Number of protein chains: 2
Amino acid sequence: MFDPASLKYDANGLIPAIAQDVASGEVLMMAWMNAEAVARSLESGRVTYWSRSRAAFWVKGESSGHVQELVELRVDCDRDCLLVLVRQTGPACHTNRRSCFYTAIREGAEVVIAEPMAG
Amino acid sequence: MFDPASLKYDANGLIPAIAQDVASGEVLMMAWMNAEAVARSLESGRVTYWSRSRAAFWVKGESSGHVQELVELRVDCDRDCLLVLVRQTGPACHTNRRSCFYTAIREGAEVVIAEPMAG
């Protein structure tokens, strides 16, 4: 059986979790989980992070409706990073963009490469 | 102009960097950069991390030959996480697997979903 306590957490008890859109392969965001957030994500099928700023569990989309349905959780070789494959409803980013990684560095300058989603 | 110092680093001066295969979309690994590693990656076109265990710059593939050619560096909305799109030569993982995320949690158990690459 998989035990969330078997993962390697940082000094704050957190592990980075990368959310990837299972349909498009797009990397949507990176946020943090503690052991309980990992357990809740697996149990509920709703990706649940730990909000460092609010010091509270953060069921992604709970207030915005932009939920992440957990398709699969993967662990890396060092057991200190997670990849969550998700079905993302709407934008993952608080700026209303699909992905948080909408700024590219091109020829030494920052370029915005994605616009907020409509609606 | 983009300034690596404009990113948000943690208490150790590090920022997580997610490497994604630009051809397949596969998430290959996550490692850490400091501001100088970001600058070196952009200047050299070779993805360069900061090895926390060795406390040294880590030009990916320098010893193994499994280099990561930087195609594009992207910054997330909070400026505290990077996505590097790469052309990966051979395996990204030290276990000789293409990706470090080769362990999936399925029905509560850990399942190895990728084998080491041949050769």
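Glycine residues also receive a Cβ, built from the backbone N, Cα and C atoms like all the rest.
According to TrEMBL, the protein carries these features:
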BINDING   B:Asp76, B:Asp78, B:Asp80  Mg(2+) binding site
BINDING   B:Cys77, B:Cys93, B:Cys100  Zn(2+) binding site
DOMAIN    B:29-102  domain 'Phosphoribosyl-AMP cyclohydrolase'
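The binding-site residues under consideration are B:Cys77, B:Cys93, B:Cys100. Their Cβ neighbour counts within 10 Å are lowest for B:Cys77. The 10 Å shell around the Cβ of B:Asp78 (Mg(2+) binding site) contains 15 further Cβ atoms across the protein chains shown. Non-local neighbourhood of B:Asp80 (Mg(2+) binding site): B:Leu7, B:Lys8, B:Tyr9, B:Asp10, B:Ile15, B:Pro16, each in the same chain, at least six residues away, with C-beta under 8 Å from its C-beta.
Across the structure, B:Cys93 (Zn(2+) binding site) and B:Asp76 (Mg(2+) binding site) place their CA atoms 24 angstrom apart. The Cβ of B:Asp76 (Mg(2+) binding site) has 24 other Cβ atoms within 10 Å, all protein chains considered. The CA atom of B:Asp78 (Mg(2+) binding site) is located 25 Å away from the CA atom of B:Cys100 (Zn(2+) binding site). Look at the domain 'Phosphoribosyl-AMP cyclohydrolase' (B:29-102): DSSP puts its residues at 10 helix, 29 strand, 35 coil.
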